[in-house]
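A quick write-up on the structure given underneath.
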Amino acid sequence: HSMVGDKAREEMNAFQRNESKETLFTFISAGDDPPKGDFPVQKKSPKLCGSNYPLSIAFIVVNEFCERFSYYGMRAVLTLYFINFFHWDENLSTSVYHAFSALCYFTPVIGAIMADSWLGKYKTIIYLSIVYVVGHLIKSVGAIPSLGNQAVHVVLSMVGLFLIALGTGGIKPCVSAFGGDQFEEEHTSERSKFFSVFYLSINAGSLISTFVTPVLRGDVKCFGEDCYPLAFGVPAALMVLALVVFIAGSGLYRKTPPEGNVLLEVCKCIGVSACYRSEKYNGNLEVKMVTRVLFLFIPLPMFWALFDQQGSRWTLQATKMNSLNSHCFVLQFLNPLLILVFIPIFDLGLYPLINMCKFNFTPIRKMATGMILAGMAFGLAAIVEVKINVSIVQEITQKSLAFTGRRKCITKLVFFPQNPAEYSKLILNGEQQSLHFTLQHQGLSLGFNYTVKEKSVYSLIVFEAEGSLSSRLVSVGVKCKYNLSEICFLCRFINGLSQDVNLTVDSKRFIAIQKNYSVSEYMLLERDKYDDGRCITEAGEFTLDLGLLDFGASYTVVITNISRGALQIWKSEDIKANNVHMAWQLPQYLLISAGEVMFSITGLAFSYSQSPASMKSVLQAGWLLTVAFGNAFVLIIAQAAPMAQWAEFVLFTVLLFAVCIIFSIMGYFYVSVDPEDLQEKEEKRETPSRGNMISLITRKTKL
């Protein structure tokens, strides 16, 4: 009996030694299958420069840099692509932009299911990256003007955007979680800092691409216009590079196996418990941990609703402002630049200083602070928008009328090539009135009558025709109204030649104007330099150089003569350009970037730390879904409740502050946990029951 006992104890000790390295008893439901495939969980990657950072994360970080370059580079010109290439209005362009952004953050659920339930993170990243590349290629081809008509361009672009959304969204929850998997369990500090490095790579890619792709679009011409195919093609090439780099590190990765349809089990557990209050799933610790965090995520979409408007509403706001050049992206790439600066300042300076002050700056408090900063940024955006509108109104009212109830009309007497600096204000007797004008010139007297309407702006043009003076009264086209959204800023042409002309301002604008000072309709043009227009007359074809047409201005361009084989024009600025400089946007970018560091990086690390090993991708997908719902909310506001832009900014500010209060209350009652510690306690408490069978699964754990 003693010999048998000694032998049994010896076998048990041997078993325990093996178990401490590789295995533990796990209870698996009878219907589950053990993981299949070769997943070298325990493989240790070589270290970076003798540190505790595995060499494999270098490939992951470079992959993320290239992928983010690809995504943000394409997205940087997307809104203007809709407006300028498709000729959609601002609301439709904003809606489609945020619909695409929302889709990019709904598809992480698909990637999480594929990674945790079927293929594993590594293969999921590979397969969806291929889809990503195909989407970029289709999007680039769809931007070639000579390829088909408008419908073809829209279809190709939408298909390309859908595939891009599927690719970028699908790999989002996998890449960050896959990077976290590369660290041994004892290196939690290094893993935490990895997420900051990971976020640095995101913003480095965003910074460079946000600067490069607008330059490729505007400064490089292809097919006779802005080169959108190149602006989309370069990001496509970077995505190909991202895929190649990721595959190159294959031999170094620790690849965790999928653990069944985890997301389906979570939904089943929640559904059964909610509907029947059954005890069947109440003991599932992993589901409890995930649902606690997901519940805490409910208020978070409001932050992203504000943050992602940098690429839509803030970009459109920049187009209304004055700057040193014609690009509206000068401040858009400031956000990733500030992130690169703020991350080391916060990690090495601000956070340690706060800890020295004995203040417990928990992840929940960091995220709430980030929400407050984002709300303040939108408050400043509302102030800037009001300043832009006030500048426009002042420019008009200085030349027109103050709304005092008195009926007024304004005119400007124009003698080409001279342009008076001020308008004249005329008092009318009714809604419209016939006025008699008398012009004396070189001893001659010229009289003429014109009918004018109240609250209107006119230019009186006097010119010489057939040896005598003639005149024409034309409306400036900008009516002074209380509703600022009804004010438009345009450019029109007057043909001072004795022959008809056909004008081409850009590749898509054609105007036919009859001879002898006929006036064209107004054209709405984006702020840009127009130096490559064409004018076709009976005498031949000439270059039309209009120079810079600025936002907020109303122009009258007169074709005066053809001299020495060149077209002579005279440009009058009827309403001066907006004088609010783009630098006014700087404070709002500073605030929202600081808010992003506190909110987004903290939330990314928090969602990883609070999830069990089998649900890392699922909880990362839950975090990314908050971004999707935020963009969906912007889409609803833009379409369902159109309002003045400054009022919309104020609305978002108030909503975020309200949501921040709710989140702070929820966070007060939330207790952060270590999933591994809770798992050990649960395993000590649980016993096999209800028909479960015992199986051995390869795991690294403590006895």
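The backbone N, Cα and C atoms fix where each Cβ goes, and this holds for glycine too.
The transmembrane segment annotation in TrEMBL covers 69-88, 94-113, 125-145, 151-175, 196-216, 228-248, 333-354, 366-384, 589-609, 621-643, 649-671.
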Any contact, the transmembrane segment (366-384) to the transmembrane segment (621-643), with at least 3 Cβ pairs under 8 A: no
Leading stretch by Cβ pairs under 8 Å, where the reference is the transmembrane segment (621-643) and the options are 94-113, 228-248, 589-609: 94-113
Kindly say whether the transmembrane segment (196-216) and the transmembrane segment (228-248) touch, using the definition of 3 or more Cβ pairs under 8 Å where each pair is 6 or more positions apart. yes
Which residues, given as numbers and ranges, are at least 6 beyond the ends of the transmembrane segment (151-175) yet have a Cβ under 8 Å from it? 60, 63-64, 67, 71, 74, 81, 85-86, 100, 103-108, 110-112, 114-115, 121, 124-125, 128-143, 145, 617-618, 620-621, 623-624
Contact set of the transmembrane segment (228-248) with the rest of its chain, CB cutoff 8 A exclusive, min separation 6+ beyond the ends, reads 59-60, 62-67, 69-71, 73-74, 77, 81, 85, 125-126, 129-130, 132-133, 136-137, 139-141, 143-144, 205, 209, 212-214, 216-217, 220, 222
